[in-house]
Amino acid sequence: MKVAITNRQKRHPIGTRRLRKVAETILGALGYPDSELSVVITGDLGIRRVNRDYLGKDRPTNVISFAMGEGDFGDLNPDVLGDVIISADTAAREAEEAGIAFWSRLCFLLLHGTLHITGYDHERSGEAEARRMEAKEREIFALLENGGLV
């Protein structure tokens, strides 16, 4: 499996090797051990730009995912899953509001975005699918915690 981590912000220190291990564990737990994933950590300005340009929403958000398996050429290379873009600024604010560690929130957002790329949806597929996604989040996050990654 190949996980590319790009950190485009400096405000919040991030251990990219450790984050890569988190991503690899998530992919393994989801049954994608031979897949490729790109993870970009940016700030609110960067994610706002992506949100505006690609999703038509001119505001920052916590995580955006782009699945490569969608569209006309989705089956071209099924091992390339897609991109997860996370705002470290938003993650830090959400962590502070929830009274949790920044690293924990960052890892959860990586998990959440990766679930979207692999077909899970909590926004458009109804309540049953949202519950299924939340259950998978709890299951894999517990795996990360038990493995000392969070």
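Glycine is no exception: its Cβ is also placed from the backbone N, Cα and C atoms.
From a predicted model like this one, the values you see are computed outputs, not experimental measurements.
In Swiss-Prot this protein carries:
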type    : residues         : note
BINDING : H112, H116, H122 : Zn(2+) binding site
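Taking the features listed in Swiss-Prot, we show where each one sits on the structure.
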residue	record	CB count, 10 Å
H112	Zn(2+) binding site	22
H116	Zn(2+) binding site	20
H122	Zn(2+) binding site	17
Taking DSSP as the reference, which of helix, strand or coil describes H112 (Zn(2+) binding site)? helix
If the Zn(2+) site is taken as the center of the Cβ atoms of H112, H116, H122, which further residues of that chain fall within 8 Å of it by their Cβ? V63, S65, G113, L115, Y120, D121, E123, M133, E137
